[in-house]
Amino acid sequence: MITTEIKRVKNHINGEWVESTGTEVEAVPNPATGKIIAYVPLSPKEDVEKAVEAAKAAFETWSKVPVPNRSRNLYKYLQLLQENKDELAKIITLENGKTLTDATGEVQRGIEAVELATSTPNLMMGQALPNIASGIDGSIWRYPIGVVAGITPFNFPMMIPLWMFPLAIACGNTFVLKTSERTPLLAERLVELFYEAGFPKGVLNLVQGGKDVVNSILENKDIQAVSFVGSEPVARYVYETGTKHGKRVQALAGAKNHAIVMPDCNLEKTVQGVIGSAFASSGERCMACSVVAVVDEIADEFIDVLVAETKKLKVGDGFNEDNYVGPLIRESHKERVLGYINSGVADGATLLVDGRKINEEVGEGYFVGATIFDGVNQEMKIWQDEIFAPVLSIVRVKDLEEGIKLTNQSKFANGAVIYTSNGKHAQTFRDNIDAGMIGVNVNVPAPMAFFAFAGNKASFFGDLGTNGTDGVQFYTRKKVVTERWF
């Protein structure tokens with residue numbers, strides 16, 4: 001339940017809420033007002049070790065619980081999430097800043113991930129082939145791997161943790177969760193509801209904190225696998241450090257998602273799609289559209305409509321249903337984003353919509369409005385870097401081939417979209433674009449939870465993505481059995 005009092009956040013270890021053994025804390029402000037709403041502990045290594053010990057002890061019994069019984073617990077958890085979805089959305093808006101509409105959408109996507117986890121009995125089924133030789137049968141069995149950990153970002157404080165621990169736990173593992181210290185309140189509520197669903201103590205443990213918690217997770221010998229979502233430099237570090245310590249690691253990283261706009265697109269729907277992809281959630285998502293490659297033939301018309309519609313967007317507190325763009329997560333991030341806008345101007349791009357100029361009525365929050373640049377090229381930082389904000393760059397290209405070439409020159413390859421009514425264009429795009437997730441007239445090509453989620457190149461470090469059968473394979477190990485009976 002949301003209150004006005006400043007909350008002191010705790011860890012959850014072995015079924016109990018406990019104070020961190022450390023003394024260092026970090027203030028958690030409401031991004032829309034700057035007012036402090038909580039203090040989160042920056043837990044030391046000792047807290048991680050206690051959480052791992054609890055998870056390791058719980059694994060001995062939880063891994064032996066029949067798979068259907070594990071799923072029944074998750075059905076109860078799913079029901080509790082559905083019953084509390086309005087409260088969960090409000091917590092997200094309070095501590096993350098995204099609009100209540102965006103937060104409600106995130107809650108639904110998180111619930112869908114838990115729905116996937118409830119189907120684990122089907123997803124964990126192995127394979128069998130009788131009589132591979134005279135009197136000999138062969139089969140593959142899947143087993144849990146032990147204690148696993150998840151490190152999640154601030155931008156989707158519900159959806160991304162729910163990509164991880166429900167599926168891992170359904171597969172018979174136990175879990176140590178480290179969510180972003182910027183959004184600790186939603187993590188607390190997720191854990192509360194988890195134990196209301198009747199799970200045994202120690203199956204899920206929550207350790208709040210920063211880099212010390214991350215390093216402790218990566219170095220702990222009893223953690224078998226680590227799931228991570230965050231920025232590219234940190235993802236690279238997590239992957240390299242975790243694998244060096246013998247862990248299975250999936251690290252989902254940054255993005256610079258391109259959308260190619262063809263002359264045969266549906267102009268109205270394309271403009272609205274680009275606006276939604278670029279500016280919803282304040283652009284703080286790894287699937288946001290941050291570059292539009294528009295073909296010359298339609299460029300002027302597309303840009304005129306895009307600019308006119310973007311200027312209608314209201315900026316402000318996410319609890320106000322009239323607002324489309326909420327605050328950024330922190331003042332430091334706001335200053336970083338303003339630096340990118342200034343660099344775009346200095347590099348010669350044309351600033352068509354200036355998000356630095358927003359109504360003073362938004363108050364003391366960390367606001368930057370929707371921003372659009374035209375005349376961008378590959379030498380500019382605003383094209384090269386992940387800005388993670390409502391900043392959209394437009395590059396004019398002569399045709400589809402040039403648009404694909406431009407997109408593939410980015411070091412990132414998370415998502416890519418084409419807007420077209422031509423099936424051949426869509427096919428050419430699909431076959432030649434380098435991206436892990438592709439959309440054809442789909443604004444945000446984030447797949448449903450029963451498909452894998454992962455990018456290519458600097459957008460992903462690892463082999464198996466999150467969700468779907470990839471997720472089950474990541475959280476289990478195979479045993480191949482060849483047997484003969486006399």
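These residue numbers are counts, starting from 1, taken along the chain as shown.
Cβ coordinates are placed from backbone N, Cα and C, and glycine is handled just like the others.
Residues Lys178, Glu181, Arg182, Ser231, Glu386 are given by Swiss-Prot as NAD(+) binders; from Phe154, Phe156, Phe367, that same site also lists Phe154. According to its DSSP assignment, Lys178 (NAD(+) binding site) is in a strand.
With respect to their backbone Cα atoms, Glu386 (NAD(+) binding site) and Cys286 (active site, nucleophile) stand 9 Å from each other. Maximum intra-site Cα distance, NAD(+) binding residues Phe154, Lys178, Glu181, Arg182, Ser231, Glu386: 24 Å. Note: the CA-CA distance between Cys286 (active site, nucleophile) and Lys178 (NAD(+) binding site) rounds to 19 Å.
The most densely surrounded of the recorded positions Glu181, Arg182, Cys286, Glu386 is Cys286 (count of other Cβ atoms within 10 A of its Cβ).
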